[in-house]
C-alpha cells in the first residue's frame, strides 16, 4: 500500500521475507532518530508457511494516512524517486526498489544484452512484445533481480522481482495496482505488488480499490478535483487450492481461483458493530473521512477520503465448515475523528472459534509505559502502580493460552489438524523446546509439559460458587453430523478432550446453546485477570471434562420459549434468537 505518512520516497515499503507477525504488540523505545514506534499484527492465518507479511506500523514521525496519523500498512512497491524534484516520467528518472535503495541498470554484455525484447515468459506467450530492462540496487544487500517490462504496443509497464529464495513477485501488472496521473496514464509513479508465487506453486494475490467520490460532498473545495489516483489495499487472497507454477495475472486480470484464505481491509463497506459479525461481501459504499487531504509528490494530486475501519480474516472451507465464507478473526480500528486530524485511538480484536464460540473484544493499544525514575530516585508516578509482579510459569502458560495459544492447543488435544510449525514456535519461544527441529518424541514431551502447566495454572485459581455456565456451539454442519448425534442423545456422557471455554455471564448465540449445571467441587475456574479477553468473563475447564446430557429442548417445542427466556443471552440476542435450534441441558460430572 502507498505509504502516506510524510516520509521521503526513500522510506517506501520495505520488502520482508514472507512470515507471520508475532502475536501481541511490540513497543520500542526511541532510536537514534528519536522516533518511537509500535507494531500491531494483523489477524493473518498461517498457510503452509507462505502468508502475507503485513502488520500495522506506527512511527511518531509519521504523517496522515488511511490508518490515521503516524500509522501505515505497507506492501511491497517500486516508485520513481522524488529526491531531485517532481519526476519527468522519462529515462532521466531514478527508480527506488522495495528496500528504498536507488536502482541502476545492469551492464549490457554480449552474452547478456540489456535491454532485451520478450514475447513470452516460460510457457506463457504474450499478445504483444515487451522491452525488458534489468535493474539492480545501487548498493547490493538483498540479492534480488529486478526487471522492468514495457509493452511495445500499448505502453503498459510493470515490474518482476526475482527474490533470492525463488519467489517471484509481480508489481503493477494491471492499472488497479499502479499509482498514475489520472490525466496521463503512462505517468506511473508507483507500482504496487499484485501477485507472488513460490517455486512450489503457492500464490498470494493483492487487490486494490481506486479512490472515488462515494459519500463525498462534491461542493466547495471538493468541486472539480480528479480524485481517482489513490489506491487502497482491499483484499489479500492466498492458499490456492491447486498449485500453479505460473503467475495467474499472465493470462487474467482477475484470477478465478479457489482461495482458502482472504484478508479483507474494510473502509466502512461493512458494519463495525462488535456484536454483529460482518459479511464477506461489502454491503454499502465506503465511508468518507472528516479530514481528507492530498499529496502532490509526483506532480499530480493524490486525494485521500478513506479510513480503514477494520481488518477481517475469512476462511473458505465450505465442505468442512458448512459455509463458503467463515469469519475467524477481525481487528476493529477506532478513531478520534475531526476535520483537522484523525488519530487511531483503539484497536480491538475479535476471534471466532471453529465451533462458533465468539470471543469478546479486547483493547490492543495499551497505556504508555511509566516514565523513567528521575535522577534523585523519585518517580512522578506511584511505584506501586507500575510494580512488576512475578508470575509462575504455569500462570504464564495459562495467560499465553488465553491470548493466542488456545486454537493450536485445543486442535492438538482433540486430534484435529493443527499448524505444527506454529506449535513448535510457541514451545520454542516459551522455553519448552531448545531447538526448532525437535524429534517427534521431544515435541510430544514438550507439548505434554506445556499442557500440564496450563492445567496447573488453571487449578491454582480460586474456586467459584457459580452453578450454571453457558456455551454456544455451531453443530448444524454436514461435517459435524456425528457430533450432533452425540450431543442430542439423552444420557450420553460427552468427554471434551480439550480445554472447554464457557461463560457464567452470557450465552453467545449459535444454533446450539449448552446450558451447563455445575456441582460443588467442579474444576472450572474464572480466568479473571489472567484472561486476555477480559470482557467475556470466561470460565475454563481442564481437558477431559465429562458432561452428561440430561434433556434437550428443540425449537418449536412447547417448552422452548419458556426456557429461552430464562437464559442470559449475549447483547445481540434480539436479532439472533431465531438462529437457536436447540437448548441442551447438561451437567458436569466431577468424577
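Any Cβ shown, glycine's included, is placed from N, Cα and C.
Annotated active site per Swiss-Prot: 471, 501, 538, in sequence order, evidence recorded as sequence analysis. Annotated domain 'TR mART core' per Swiss-Prot: 373-576, in sequence order, evidence recorded as sequence analysis.
Known features from Swiss-Prot, placed on the structure.
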{"residue": "471", "record": "active site", "DSSP class": "strand"}
{"residue": "501", "record": "active site", "DSSP class": "strand"}
{"residue": "538", "record": "active site", "DSSP class": "coil"}
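A straight line from the CA of residue 471 (active site) to the CA of residue 538 (active site) spans 10 Å. If you take the Cα of residue 501 (active site) and the Cα of residue 538 (active site), they are about 7 angstrom apart, rounded to a whole number.
In sequence order, 402, 501, 502, 503, 526, 527, 531 make up the list of same-chain residues 6 or more apart from residue 538 (active site) whose Cβ falls under 8 Å from its Cβ.
Here the Cβ of residue 471 (active site) has 25 other Cβ atoms within 10 Å, regardless of which shown protein chain they belong to. Looking only at the domain 'TR mART core' (373-576), the predicted model's pLDDT averages out at 82.
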